[in-house]
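Q: I have a structure I would like to understand better, so I am pasting it below and will then ask my questions one at a time.
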Amino acid sequence: MNDRQQELLDSGLLVGGATAVLLLTIIVFLTPEAQEYEFSIYRGYPMLFWGLVLFGIFSGQLVILRAALTDRTDFRSWPLGVVIIMAVEAVLFLLPYFRGYQAYDRADVLTHVGFIRNIHSLGALPPSDIYPNIHLLTLLFSYVTGIDPLQIINSISVIIPLFSVLAWYVLVTWLYDGRRALLTLPFALLLVAGGAYVNPSPFTQSSLLVPFVLYVFFRERRTRSLQSRAVLLIVLVAVVIYHPLTTAFLILGLIAYFVANHIGSLTPSVDTISPWRGSTGKGVTIQLMVALFFSWYYTFEPILNRSREAIQGLLGTSSGGSELDKYSSVVSETSPQLSDILVIGFAKYGLSGVLMGIGGLYLLLIAYDTLTDMPEISEYELSFSLSFIGFLGLAVLFLVFNLIAGFGRPLIYVNIFAVLLSGSLFYKLYQRYEMRHLVTGFLCLLLLSHTVFGVVTLYHSPLAAETSRQVTDKELEGSQWLLDNRNRYTKTVEYGISFYRFSDAYHGKNKSSRREVIDPSSPRPPDHFSYDRNATLGPSYDSDRYMIITKKGREFYQEMYPEYEDQWRFRPADYDKLQNDPTVGQLYDNGEVRIYRITATGGITQ
């Protein structure tokens, strides 16, 4: 391909990517808002939209990749590829807003809004608030704009993700030379943390800041300036207060760095010729983070309880089961088809699978070099390799044992450090193998897979056996009606909604306890509303109950598991019987939320 043809190809990629961004924007503005709960945001837009998303991102990646592989010195258009990728990602992050969602998280975020309301009413941090960063930030923006915290907190899941992408750009271009950086950027700029980008909870949002933390840390190690140390101190304090697990994971990453630094000082094969050795003293950063961690978090009883549960889980004395046990139990009880298991697995973990493959290939390449000759590896690469191995092992522990969280949390850090090794992997492959076209084809295949899986895993959908996190205005109205009109001594059963979360969002955390709002003994109605055993629902309860059921609950099985009707807990006929049940009176219906009062007529019939 001559220079003229290369210029035409580069121009075509840029024009194509820019056109995709323009068309995406037009489609977003022309598509009506969702009028009710939708199980998948992916269904809200035509296939053309998602095709343009993939094309726009892949075009930007190819522009950057061509800059990495060309020998031309006048190729300066690759930053436009970065802009195209970020523009498409901005559209993706804003989709809940354009769909008219009142909020995009039905669980923790609503409780975090409750903490924010507590801070507003008390004028101080509640004693039980262990995540004040996001609460204070949201409240500050709410005061400045006059917008309700429920809407503000979801805006953070646009601002911080875009900042994270910028931080990735700065980190990669700071760490690596031109060609290695350009080979890393196509992976680093694209949805490394999957669904964390649209989840405005403290752990996910603080994890998105890890590239920025690493940049500040490495910059301080290199410049040794007072300004860099001051910024590093501020960032470390902020991260520690943001989330305890993020702090613990960063401490592990820093330990891997200092181990790599020590190995580099003893091993001639490790490149230690770098200006970032020995600035503030080895271990000072870790010591500071550990001190801040214990001084802040171990005054909170919930942290002590979770730590105790984690130790019990490792020792095998915990009462709960691990994630692996839960997955095994679901598979054994439901006997799903192998094809369904594979689809769910790819939809949930395909992105991590691609990145783990990249990290694994890099380690295999280094292992081969070690067996045949002394490998050439920098302290950066050794540090990231140790971190990748460490977090991969940690993810396995979180999967096998009942620890403080699911294995998806350390998996985010596996993705992060695998991405930091991606450019080095392909840089080495291009240096040693003659078949550059084969390596380029393999790289393009990985980039395309990364793009597809990154987009698919961004939002919850039935494809991954997950329901949308959308909160609708009718759910807010219905839950508010029940909170305003209920007898507080009458328990509530629910289906398709976490009612106590909405109570937190309206009245503040602990304003009314979860036990007061929801019946702790049986929070959900019995299977088929017990019509398979009784003529009415009343005999299932020995005292009256409220029951709130949403569209999500009524249509859950039809939308999520249409091919497994024999295992549905509720069928459309059950809801028809509910409407004619003399022990069930309908109090409220706004078209999406239905609220009933159950008149108890006896004990639970066996």
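Every residue gets a Cβ built from N, Cα and C, even glycine.
Features from TrEMBL:
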type	residues	note
REGION	511-536	region 'Disordered'
TRANSMEM	12-32	transmembrane segment
TRANSMEM	44-65	transmembrane segment
TRANSMEM	77-98	transmembrane segment
TRANSMEM	152-174	transmembrane segment
TRANSMEM	203-218	transmembrane segment
TRANSMEM	230-260	transmembrane segment
TRANSMEM	280-298	transmembrane segment
TRANSMEM	349-368	transmembrane segment
TRANSMEM	380-404	transmembrane segment
TRANSMEM	411-430	transmembrane segment
TRANSMEM	436-459	transmembrane segment
Q: Tell me whether the transmembrane segment (44-65) sits in contact with the transmembrane segment (349-368), defined here as at least 3 Cβ pairs under 8 Å among residues 6 or more apart in sequence.
A: no
Q: Restricting to the same chain and to residues at least six past its boundaries, which positions have a Cβ under 8 Å from a Cβ of the region 'Disordered' (511-536)?
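A: Residues 114, 488, 491-495, 499-500, 503-504, 545, 547, 569-571, 574, 577-578, 581-584, 601, 604-605.
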Q: With a Cβ cut-off under 8 Å, give me the same-chain residues at least six positions beyond the ends of the transmembrane segment (77-98) that come close to it.
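A: Same-chain residues near the transmembrane segment (77-98) but 6 or more away: 10, 13-14, 17-18, 20-21, 24-25, 28-29, 31, 33, 41, 44-45, 53, 56-57, 59-64, 66-67, 104, 154, 157-158, 161-162, 165-166, 169, 182, 185, 189-191, 197-198, 455, 458-459, 470.
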Q: Quickly jot the same-chain residues contacting the transmembrane segment (436-459) by Cβ under 8 Å, restricted to those at least six beyond its ends, or write none.
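A: Same-chain contacts beyond the ends: 40-42, 50, 53-54, 57-58, 61-62, 65, 69, 92, 95, 183, 186-187, 190-191, 194-195, 197-198, 346-351, 353-355, 357-358, 426, 429-430, 468.
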Q: Would you mind listing the long-range same-chain contacts of the transmembrane segment (203-218), meaning Cβ under 8 Å and 6+ residues beyond its ends?
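A: Distant contacts of the transmembrane segment (203-218): 133-134, 156-157, 160-161, 163-164, 167-168, 170-171, 174-175, 188, 193, 195-197, 228, 231-232, 235-236, 239, 242-243, 245-246, 249-250, 253-254, 276, 285, 405, 409, 412-413, 416.
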Q: Look over the recorded stretches 152-174, 380-404, 411-430 and say which has the most C-beta pairs under 8 A to the transmembrane segment (230-260).
A: 380-404
Q: Tally of helix, strand and coil residues over the region 'Disordered' (511-536) according to DSSP?
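A: The counts are 8 helix, 0 strand, 18 coil.
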